[in-house]
């Protein structure tokens with residue numbers, strides 16, 4: 001990776017650039033991850049409790065409780081691509097050294113959230129719509145998102161050189177971000193089986209507060225879960241790269257030593 | 001730029017029969033489907049536009065990995081990148097895409113009405129399907145250029161290009177097929193999906209070459 005040009009500024013580096021130092025980042029992550037994990041556990045427990053004690057829907061009965069996990073999964077599947085797009089900008093524009101690590105670490109998490117959103121959605125769809133799957137606009141576009149996560153993961157694994165893989169993945173991520181608004185507004189543009197947005201609307205949520213609160217708490221809980229997992233994955237990836245670099249250096253040293261010796265013996 | 005266009009066009013037509021294989025693949029896909037769904041002419045005429053579109057989509061994805069790879073092998077890609085100070089690189093990519101489209105996708109569009117007759121499609125549907133293919137397939141080539149540029153350094157990039165590009169090409173497919181159907185079924189209007197298809201092509205004509213140029217530069221250093 002080319003070094004960023006040194007336009008020597010006297011000002012101290014901002015916190016964002018300070019994080020470019022992997023050691024400093026790991027130190028910060030070591031401190032933040034336990035706190036986030038505890039917060040995640042508390043929020044999810046509270047959210048699940050509220051979710052199970054929330055009133056049943058007059059039409060859907062108890063199956064409506066799937067909503068408390070399905071909707072957060074679906075939100076997160078889109079938010080994760082958003083985070084990846086920011087990371088992609090970080091790679092391409094600011095050449096932040098941790099941005100590509102962040103992108104690579106986020107992709108599998110996003111894949112799992114998207115898969116869970118699709119799975120819980122079809123478990124919910126079976127009793128409500130009478131079918132596991134319909135080729136409805138939102139379902140199809142989320143499925144396309146699932147395929148895009150798989151494509152990104154395949155791409156990052158296919159290119160050996162990490163910096164080259166990072167740029168390729170960043171470009172594809174940004175192009176793929178076109179799909180996000182299509183998913184968000186698909187239920188408004190194509191009025192199909194999936195219900196339109198009920199929470200984030202201009203005229204206020206159309207969902208009853210007794211259901212809204214558990215939903216929001218679960219959403220916050222899963223968002224915290226996402227960031228916990230994401231930070232952990234970034235930390236793991238940094239460590240993995242360090243180990244690889246060390247192995248490479250060790251191999252080169254060993255190679256140089258034995259190579260030199262054997263050459264000496266032959267001649 | 002015109003020289004580049006002509007050069008790519010000639011290469012595409014002469015070298016290795018890439019364009020011809022594309023058409024053969026298109027024919028093979030479209031003729032396989034009646035074997036799969038049965039020779040019922042009513043059903044075939046209903047499925048016709050969708051089959052033509054899927055065949056064209058697959059056939060144009062098939063040739064995409066050669067868009068930059070051949071140039072990389074003989075070194076002319078490096079020359080293009082070096083000349084990027086005089087000729088804007090995205091523009092060169094756009095020209096290359098247009099040449100690739102003329103050489104290997106335009107024949108598919110021309111062959112589409114013939115196949116449509118075999119599928120018992122109505123004349124209006126036939127015209128509409130051909131028109132949507134004419135307008136929509138450049139979008140696939142443009143956005144495919146991004147995938148081809150990303151995968152240019154990979155030895156077996158062809159499959160990866162298809163995996164990366166297919167999700168992005170789905171909107172093109174949706175609006176292309178819905179415009180073709182709208183010409184036959186009465187209540188649905190033809191113009192709105194067709195105009196959206198045109199818009200998609202124009203958007204991808206900007207997004208595709210720029211991101212492809214960025215990817216080519218990234219693959220270089």
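Placed from the backbone N, Cα and C atoms, the Cβ positions cover glycine too.
It is B:50-68, from the ranges B:50-68, B:69-87, that TrEMBL records as transmembrane segment. The stretch from B:50-68, B:89-118, B:159-182, B:194-216 that makes the most Cβ contacts under 8 Å with the transmembrane segment (B:124-152) is B:194-216. Long-range contacts of the transmembrane segment (B:194-216) within the same chain, counting only residues at least 6 positions beyond its ends with a Cβ under 8 Å from a Cβ of the stretch, are 68, 77, 81, 84, 89-94, 97, 131-132, 135-136, 138-139, 141-146, 148-150, 152, 171-172, 175-176, 179, 182. Here the transmembrane segment (B:159-182) has long-range neighbours at 49-50, 52-54, 57, 61-62, 64-65, 125, 128-129, 132-133, 136, 139-140, 143-144, 146-148, 150-151, 188-190, 193-194, 196-197, 200-201, 204, meaning same-chain residues at least 6 beyond its ends whose C-beta is under 8 angstroms from one of its own. Counting residues 6+ beyond its ends, the transmembrane segment (B:50-68) has Cβ neighbours under 8 Å at 18-19, 21-23, 25-26, 29-30, 33, 44, 77, 96-97, 100, 104-105, 108-109, 112, 115-116, 119, 129, 132-133, 136-137, 140-141, 144-145, 147-149, 151-152, 157-158, 161-162, 165-166, 169, 172-173, 176-177, 180, 216 in the same chain.
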